[in-house]
Amino acid sequence: MGKPRGRKLLKKHHTEGEEASHVEPQPYDTNDTIPEKISSGSNGEPNTFFGVLDTQELEYFKQAESTLAVDTFENAEEKEQFISSVIEETKNKELKLATSQICSKLMERIILAGSNQQLKAIFRSFNGFFYGLACQKYSSHVLETLFVRGAAMVEKELLTPSFDEPGATEDGDDVYSPMEDLFLYMLNEITPSVRGMISHKYASHVFRLLILILSSKTLPSTTMSNSALRSKRSKIARKMIDLKDNEDFDKTYKTPDSFKVKLREILSSLYKELTGGVDLGSSNFKNISVTSMMKVRELCIDPVASPVLQLIIQVEGIFDRDRSFWHLIFSSSEEKNAKEEAFVEYLLSDPVGSHFLENVISFTRAKYTERLYKMYMRDRILKLSKRDLTGAFVVQALLKHLRQNDVKSILNDIVPELSLIVNSNMEFCISILDASIQHGDYLKEEIVLQLIKKFYPEGLEDRNILESCLSLNSSTLGNTRDDWPTAEERRRSLFLEKLIDYDDRFLNITIESLLALPEERLLQMCYHGVFSHVVEHVLQVKRVDKIKRKRLLNVFCTDIVNLSCNAYGSHLVDKLWDFTAQLPMYKERIATSMAGDSEKVKNSVYGRQAWKNWSMDKFLRKQFDWKRLIREQQQELFPDATPLQPGGDAGTKRKGDKPSYNRPEKKFRR
């Protein structure tokens, strides 16, 4: 991924030393400050100055941004009027606002909330300066927001022919151009500069977004932790300033055919620059010089350019069946190449390089992945698996995308050492479990024995999988400082839940470990934001025998009201509705506990939900209907079991049992 966007910018480091081409700006009709001509600085970046706002203007726009952030308008019409008045004030100042730390947030809010015609007007105001804006810290974010909303409008105009009717802007000018044309004009402007954009810490983000739009891929959210576009620091900062995406983000949009043509044109131009004038196509691979290939390989391990190349390799199949960019990086020969072998080895040992290789083998054709695996990785899979921060991620990708025989070969190498590998890489172990399941529980018995040997070894009196897997003693469990659960605790909990799903032995081991804990400790887990999921995960009525179910229920029933009123415990109480199937005494015991403190339960948001899920109103007023629900539940969960007998647990009737008689139900007095 690219470097996080920070305040103190390091001097731009160019891998190849080539100066990025630039676009001549169009005249900008403003009475305030005319931007200087875009020129290349000493490091190849555009050196554009758009001017600064005076104190009065800055104060006005700061206040406008605060007003939009608070969003206390009485109705939508009032908000529209306010936005229109602010846009009127931004006339001829759009470039200044976009490059300002404070006012760029205002521009984003206007773009997100403005009308379609206002959006087009802002788009037109940036004409001639898109490359310069893309290379600036704050305006690059403005462009990303503008392009996402623009992509949504392109789809609307494409699907609704009447949607692109001309509309009047505030200054009386008609906007006749559809958004598709505005996009194509902008793309023509930045095409000569794409070589510089892929290596630029800010412009690379804009270029990646444009590739996603042109290829009709999902446009990522700017705040999601797994967003494919923004850096980690950028996503955190966006959450802190409370700048939320609208409904246009995290979607895939239909685009016109002209966008696919333009995508080919842009990437073909980039390919020529990277190869010294060679065209796309397999017939031209022989004309690529070794020097060009080495320079592109250097970009693959560059923190900024690497994600761009990953995305290009992902989408190049749309317009190029020969996968020219792939063959610009990797050879197509069936014989080993010393330079390629050294390059692959570097990728497998470098954090950026391993991330690149992990992603590209997930997108490319299976035969290309198989070639790299068989030539450079097959004979040392175990060694690569022990590289926790690099090679192990590539092996995980291989387990997902290789053919069955190759996956089984990898498992044969790794499983005997699984108890050692899991010490430092639980995510890798989850991938091994998934691969085993996908291929018919391959080596399941050996995997289970290896993991039991690690987490629940025989011969130890105090063995407990909760301690060996979750590290309870060193966790945030029971802390009085209201510490948030850590990421490590989440990873360990998810791993244990995966083991529970994988084999019944892990389920039984986990239940035994839970019952071995002091009662207070077990209840603390029920109130923990992460460990409560583990407790909830063992409540699988069809996989747990009655004796263990009763032992667990004896603990839960001691604090059922507080559990019902807790954000995490209430989910556990919901699960107990099914977990008490065939155990009507425990079901009534839980319902009676909630009914006995109904005021507390009903006054809690979570308690009300638990009350509803347990049908407590029927329990209090229509017990016959409530018991009918119990019988229906049992019939659904255990269709082959003996029907529930009044006054006792369901089960097989034993010889010598006395007949039971139905007693009249007690009616609650009004």
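Numbering starts at 1 and runs along the chain as displayed.
Note that Cβ sites are derived from N, Cα and C of the backbone, with glycine treated the same way.
Database features (Swiss-Prot):
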- 1-14: compositional bias 'Basic residues' (COMPBIAS)
- 28-46: compositional bias 'Polar residues' (COMPBIAS)
- 651-670: compositional bias 'Basic and acidic residues' (COMPBIAS)
- 1-46: region 'Disordered' (REGION)
- 637-670: region 'Disordered' (REGION)
- 89-124: repeat 'Pumilio 1' (REPEAT)
- 125-160: repeat 'Pumilio 2' (REPEAT)
- 189-225: repeat 'Pumilio 3' (REPEAT)
- 289-331: repeat 'Pumilio 4' (REPEAT)
- 339-374: repeat 'Pumilio 5' (REPEAT)
- 376-412: repeat 'Pumilio 6' (REPEAT)
- 517-554: repeat 'Pumilio 7' (REPEAT)
- 555-592: repeat 'Pumilio 8' (REPEAT)
Top stretch among 125-160, 339-374, 517-554, 555-592 for CB pairs under 8 A with the repeat 'Pumilio 3' (189-225)?
125-160
Hey, which bits of the same chain come close to the repeat 'Pumilio 7' (517-554), Cβ under 8 Å, at least six residues off its ends?
464, 466, 470, 472, 475-478, 484-485, 489-490, 493, 496-497, 500-501, 504, 507-508, 510-511, 563, 566, 568-569, 571-572, 575-576, 578-583, 586, 637-638, 649
Within the repeat 'Pumilio 3' (189-225), residues counted as helix, strand or coil by DSSP:
21 helix, 1 strand, 15 coil
With DSSP as the yardstick, break the repeat 'Pumilio 5' (339-374) down into helix, strand and coil residue counts.
33 helix, 0 strand, 3 coil
